[in-house]
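Student: Take this structure first; my questions come after.
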Amino acid sequence: MDRFMWTNGLLEMNETLVIQQRGVRLYDGEDKAKLDVGGVVLSTHRLLWRDQKNHECCICIPLSQVIFFEEQAAGIGKSAKIVIHLHPAPENKEPGPYQHSKYSYIKLSFKEHGQIEFYRRLTEEMTQKRWENTPVSQPIPTGTGPKAGRTRAVGIVGIERKLEEKRKETDKNISEAFEDLSKLMEKAKEMVELSRSIANKIKDKQGDITEDETIRFKSYLLSMGIANPVTRETHGSGTQYHIQLAKQLGDMLQAPLEERGGMMALTEVYCLVNRARGMELLSPEDLVNACKIFESLKLPLRLRVFDSGVMVVQLQSHSEEEMIASALDNVSDKGSLTAEEFAKLLGLSVLLAKERLLLAEKMGHLCRDDSVEGLRFYPNLF
């Protein structure tokens, strides 16, 4: 409450009334203020409160003093409140009803409702900050309250100087931001050229490039991303977009699929693709639609949906018979396997390992033991 100062309650030039509400009690933090119930007025520049009985008792606080605010729901026998957190009182603050306060926030208690609309309008004003764009052109005089103070002198020249300094600082920040952006674009071009050079070396096998180096180069390329991702801006939003996207996915995913045993969960594909696309993020719906037309475009990839609903992307050469045979061979060699153990053997995710084991079980090659220790698969000897 020590942030409030006395005022005559009149709006200044360039100051506009936003909303007012009667039946509002002030709280100094958690304590009721010594002032009675009154009306609260929100303008483009200030928050004012006038005593309901003694109209000469009027106080105000600039909106620039507000840090943030929040709603407090009504309870049994309690009115709804708006809690307003404030900056410390400035040294040159005009006199007000409180000289000192142990709280850094106030509460507006709405006895006659209206807090929802008031909160909405307060949110709008704090977002727009119109007091910065249209400063009052006259000093805000103090009123004739119980402790009326002197008239506060606000210089027009001082306000204009501050606005000019703020404008120059904003221009400087924008210029620095564009300089950083230009440098980033230059580096991006260098990275794209480097990625193309590495791709050509891998393709042509020029020079002394070992298999380990080839794998490392591929991982670097993947981390650097796609140089020219397919977007709706470049290919529209219809079928043509999904066709071009499917072709790009076919080129991008073939190498990662081969390294992961020929199959990847669609969620893993989604993360991999969006990480490579950088800022041009792909929606889950577009990814699914592109994957659905792999077969019609005769691409080397296929979208597969297991009985459990799990969706995966797999190589066309990755046949169901090979998956079943691999599961049966590994389970037979170990005697029995859980999905976690099978995943470690093949370097797959636990989800895909479980789907392979369930597929082999469905075809009659494996059987399960579902106990408190978990699901374990055995060779089907029957």
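Residue numbers in this text run from 1 along the chain shown.
Each Cβ is built from the backbone N, Cα and C atoms, and glycine gets one as well.
As listed in Swiss-Prot for this protein:
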type   : residues : note
DOMAIN : 1-88     : domain 'GLUE N-terminal'
DOMAIN : 105-138  : domain 'GLUE C-terminal'
COILED : 160-193  : coiled coil
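In terms of burial and nearby residues, how do these features look in this structure?
Tutor: Per DSSP, the domain 'GLUE C-terminal' (105-138) is made up of 18 helix, 6 strand, 10 coil.
Residues belonging to the coiled coil (160-193) score a mean pLDDT of 71 in the model.
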Student: Which bits of the chain, at least 6 residues beyond where the domain 'GLUE C-terminal' (105-138) starts or stops, bring a Cβ under 8 A of a Cβ in it?
Tutor: 1, 3, 12-16, 18-19, 21-29, 37, 40, 42, 44-46, 62-64, 66, 69, 71-72, 79-86, 154, 156, 159, 163
